[in-house]
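Encoded as structure tokens, the structure appears first; notes follow it.
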Amino acid sequence: MKRAFILVLDSFGIGATADAKEFGDVGSDTLGHIADQCEKGLADNDKRQGALRLPNLSKLGLAMAHKESTGRFAPGLDADAEIIGAYGHAAELSSGKDTPSGHWEIAGVPVLFDWGYFTDKANSFPKELTDRILERAGLDGFLGNCHASGTQVLDDLGEEHMKTGQPIFYTSADSVFQIACHEETFGLDRLLELCQIAREELEDYNIGRVIARPFIGPGKGQFERTGNRRDLSVEPPSATVLQKLVEEKQGNVVSIGKIADIYANCGITKKVKATGIPALFEATLEQIKEAGDNTIVFTNFVDFDSAYGHRRDVAGYAAALEYFDGRINEVLELMGEDDVLILTADHGCDPTWPGTDHTREHIPVLVYGQKVPAGSLGRRETFADIGQTLASYFGTSPMDYGKNFL
């Protein structure tokens, strides 16, 4: 019975890529810099203290993959761990450092075109675009129209939004159009309808995602984003390995978290919603227990990125990594003789880096299975090696990009 479990630690980069200079990210290193801060005692909180401890991920090859990427061992990690899996680091072929590009490339379809972006920090959106959205939605105005941190924009504009009923439109360095609205005063269904209108109106702008950002709370300093986020993505430009598994092998792909949104539901046969790393982990375990032959269970752990990377919360990121490390053996215990586990990421988001944006980094490629030889996979030229490996494993037609590493 062939089953693959893909766990994406969203934003968990392990060192800058050779082309990082094109993105202003030379020297970025999500894992390494978190470990450095922990070693210095600068990442203590109520959930963790001291050096970064990831013994189980180190056994799967994380410390070695990071060393091959950067030339140094991350402090605190066990450099002498007995390696039980295959490990490597992969560079990104895609032109961006965003979530869809990273995930699509993981599934064998790199993004070789340039996304559209809203580059102006203020007055970010064309008036003709916002006018059409407002007219179709029956709204008299909107707030924002700028680059913004998703949490800061709530403090800045959340109360005005509640008073006026005008949605908050904002963007970032990514190819995104984000809409924040209060779940109770504006309404979740109304927000999702508004996002669908925006998705349709953005077709000519080549924007990767429209993101619904619902929040709750009575006022400034008390606003909190909810788990009802939705990502409305465009479809991948060609068939991913997920689609090939479903169409060619009548297989199944179980999306946990925002995976289905990222792939615009293409190649997804089941969607499981969960919010927060513990709930996402529990859902993953349940779906692994239920998974049959020719199945991919695919989970995105978004909080590493959204709650800690973008917010530049080193201590929070470190605590989340240690929590994840403490539970990963629960997955290993459920694995059958032919199963394959792949731990990876979609980009970096170094919480010590200036600004709040993603960073162009190598991603870890940690592979475990009873039939997977332990040892180095080296540097992979593209994330698409993961997709090509899955295509070979499941016996689908090959992908156009990537090399099988098993």
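Counting starts with 1 at the first residue shown.
Glycine residues also receive a Cβ, built from the backbone N, Cα and C atoms like all the rest.
The record from Swiss-Prot ties Asp305, His310 to Mn(2+) 2, and of the options His358, His362 it ties His358 to that site too. Nearest to His358 (Mn(2+) 2 binding site) in space, judged by Cα atoms and limited to the binding-site residues Asp10, Asp346, His347, is His347. Rounded to a whole number, the C-alpha distance linking Asp10 (Mn(2+) 1 binding site) with Asp305 (Mn(2+) 2 binding site) is 5 angstrom.
Same-chain neighbours of the Mn(2+) 1 site beyond Asp10, Asp346, His347, judged by a C-beta within 8 angstroms of the site's C-beta center, are, in sequence order, Val8, Leu9, Ser11, Phe12, Thr99, Gly102, His103, Asp305, Ala345, Gly348, Cys349, His358, Ile363. The Cβ of His310 has fewer other Cβ atoms within 10 Å than any other of the binding-site residues His310, His358. A Cα-Cα distance of 10 Å separates Asp346 (Mn(2+) 1 binding site) from Asp305 (Mn(2+) 2 binding site).
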